[in-house]
Amino acid sequence: MNPLIIKLGGVLLDSDEALERLFTALDSYRAEHRCPLLIVHGGGCLVDELMHKLSLPVVKKNGLRVTPADQIAIITGALAGTANKTLLAWAKKHAINAVGLCLGDGDSVNVTPLDPALGHVGRAHPGSPVLLTTLLEAGYLPIISSIGLTHDGELMNVNADQAATALAATLGADLILLSDISGILDGKGQRIAEMTAQKAEQLIEQGIITDGMIVKVNAALDAARTLGRPVDIASWRHAEQLPALFNGVAIGTRILA
């Protein structure tokens, strides 16, 4: 059975109620299925909040956070520290054996600089499956932040959707991207059940898919092509539907290769 990577995003980390529902759903799924699970997360809302408190600017370019050298340590602390350990704490509350990691642990994901104009922002590439496979076989739930390391040891902020895609390629895993929205919406605000690359290009050209959603859709399309199977984009808000989603039932938008 392929491992399942669940990428968490949006304002989920700000809501105890949402985290309680999510981990209850994870607990329920793990009790009934033997499928190995991994969590990949960002934490943009936590980073934005911290930047505001420190009176530091938040700049995004094409949906990606610009990360100057003087901000990467702060962002690493927010993502690999606060966000990661918050999720680890929720796993512990639910008696789930979990391990908090970043992309650089065990060279699970290789990272290269994406664009000098973005600063410490990295591009994720498949890495070594050895560490994560060892943890999964021992029954652990890896919880992985989207902070990576270059071969030169430079800290890099990686878009969490792209990080999850690289991990899925590393492990041959299925992938679900959970966010604030119920899926990709058309121009009338209605959920699109299935999405192809051609349809995505049309909606981007029409200005219906914009900013961070372009990054998410492109990451999902890339994952579907790389893995040779569909990738789901769905909301964490409907916790009662999550066990079905984890079991392969589409509740959001299914991205087709």
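Cβ coordinates are placed from backbone N, Cα and C, and glycine is handled just like the others.
Bear in mind that the values here come from a model prediction, so they are computed numbers and not experimental data.
The substrate site in Swiss-Prot is built from Gly43, Gly44, Asn157 plus one of Arg21, Arg65, Arg123, namely Arg65. Fewest Cβ neighbours within 10 Å among the binding-site residues Asn157, Ser182, Thr210: that distinction goes to Thr210.
When Cβ atoms from all protein chains are considered, those within 10 Å of Ile208 (ATP binding site) total 16, not counting its own. Long-range C-beta contacts of Lys216 (site 'Transition state stabilizer'), restricted to its own chain and to partners at least six residues apart, with a cutoff below 8 Å, comprise Asp161, Leu177, Ser179, Ile233. Local packing around the Cβ, expressed as the count of other Cβ atoms within 10 angstroms, is greatest for Gly43 among the binding-site residues Gly43, Gly44.
Lys7 (site 'Transition state stabilizer') falls within a strand segment according to DSSP.
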